[in-house]
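Chemist: Pasting a structure here, questions to come.
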Amino acid sequence: MTLDQIAILGAGGMGTAMAVLLARSGLGVRLWARSPGFVDEVRRTRENARYLAGIPLPEPIDLTSDAGHATRGAGLILVAVPSAHLRATLRAIAPEVPPGTPAVSVVKGIERETFARPSRIIRDELGPRPVAILSGPSHAEEIARGLPTSVVVAGEDAGLNLLVRDALNTDRFRVYSNPDAIGVELGGALKNVIGVAAGVCDGLGFGDNAKAGLVTRGLAEMSRFGTSLGARPATFLGMAGVGDLITTCFSPFGRNRALGERIGRGETLAEIEASTPKVAEGVPTCRSVEAMARDLGIEMPITSALRRILFDGQPPLEAVSDLMERETKDEWP
């Protein structure tokens, strides 16, 4: 099976970047956004100035606010809707989406109310279909600029994994495959939480020692949480784990790290969210993961500290002191 036409649901930064990548590879791309006014603006300017400024959109990209038009005849549906809006968005357009078409998710998060991963939400709302997950260190602007990027595709359907890997792989976008869908999907969600915490560390003016320690122990939390839910430990040492974590925690352009830095400098979450339309997935994911970890008895001190900073108003310096004064222990249990 080959792919000639791909539908992309969600015209934020990542959805638009993937559209640019696929169009440059010679594939037919229909990029869907729910706002007709937004679609008209991007069509007219051939630029998504709101979410991916400075990147001209290749002419083969067909922009539309009609989900039926976007998905009809597509061999693959790429889902790029923010996790907080994923269920409601898919439910609204489900009657227009053909049944059974394979999907690939680039959504990174966990639903707050149900703790569902994006792949589960896609099946819940769009009906039974093969779903793969594409994740890894992949800033949208770098993909769109054609800078070398490596990611991983994972899912229970080995045939779909190979299809996505071969269709998306280029000389600038390398795709590995991994059968561990749970680990790859959780890695993409959990690294955003640690990314916010790393930004808080930057905002407080701490040095390299502190940030390296936080990221390392954050990776331990990611692995502990993921393996408790059935993920493979090795996955967190791959593209969707440590690879994505490095990019998120150290890039000056990452939304999650940038939000955390502003928190560390004294701004409130409400002030930050009011100042930008861009979503930092680590914020809702932090609350979801921390609640789920408490329910399951999984120790996640960094995630818990970040939740107190974001949602309970605990001063960041106080949260850091709480972490540093925890009972001493072996590095690996």
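Cβ atoms here come from the backbone N, Cα and C positions, even for glycine.
Keep in mind it's a predicted model, so treat the numbers as computed, not measured.
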Chemist: Considering the sn-glycerol 3-phosphate binding residues Lys108, Gly136, Ser138, Asp244, Arg255, Asn256 given in TrEMBL, which of Lys191, Lys211 is annotated for that site as well?
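Modeler: Given Lys108, Gly136, Ser138, Asp244, Arg255, Asn256 bind sn-glycerol 3-phosphate in TrEMBL, the matching entry from Lys191, Lys211 is Lys191.
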Chemist: Just to be sure I read the record right: Arg34, Tyr51, Lys108, Arg255, Val279, Glu281 are listed as binding NADPH in TrEMBL. Which of Ala7, Ala140, Ala305 is listed for the same site?
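Modeler: Given Arg34, Tyr51, Lys108, Arg255, Val279, Glu281 bind NADPH in TrEMBL, the matching entry from Ala7, Ala140, Ala305 is Ala140.
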Chemist: Grab the same-chain neighbours of the transmembrane segment (6-27) for me: Cβ-Cβ under 8 Å, and only residues 6 or more beyond its ends, written as numbers and ranges.
Modeler: 33, 38-39, 42, 48, 51-52, 55, 57-58, 60-61, 63, 67, 70-71, 74-82, 89-90, 93, 106, 138, 140-141, 143-144, 146, 167-168, 170, 173, 278-279
Chemist: Tally of helix, strand and coil residues over the domain 'Glycerol-3-phosphate dehydrogenase NAD-dependent C-terminal' (180-320) according to DSSP?
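Modeler: Per DSSP, the residues of the domain 'Glycerol-3-phosphate dehydrogenase NAD-dependent C-terminal' (180-320) fall into 108 helix, 0 strand, 33 coil.
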Chemist: What whole-number Å value do you get for the CA-CA distance of Ala140 (NAD(+) binding site) and Lys191 (sn-glycerol 3-phosphate binding site)?
Modeler: 16
Chemist: Rounded to an integer, what is the Cα-Cα distance in Å between Ser138 (sn-glycerol 3-phosphate binding site) and Glu281 (NADPH binding site)?
Modeler: 14
Chemist: How many whole Å apart are the CA atoms of Gly10 (NAD(+) binding site) and Arg34 (NADPH binding site)?
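Modeler: Distance between the two Cα atoms comes out at 8 Å.
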Chemist: Taking the Cβ of Ala140 (NAD(+) binding site) as the centre, how many other Cβ atoms fall within a 10 Å radius?
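Modeler: Neighbour count, Cβ to Cβ under the 10 Å cut-off: 23.
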Chemist: Return the member of Met14, Gly136, Lys191, Asp244 nearest to Glu281 (NADPH binding site) in space, with distance defined Cα to Cα and candidates limited to these binding-site residues.
Modeler: Lys191
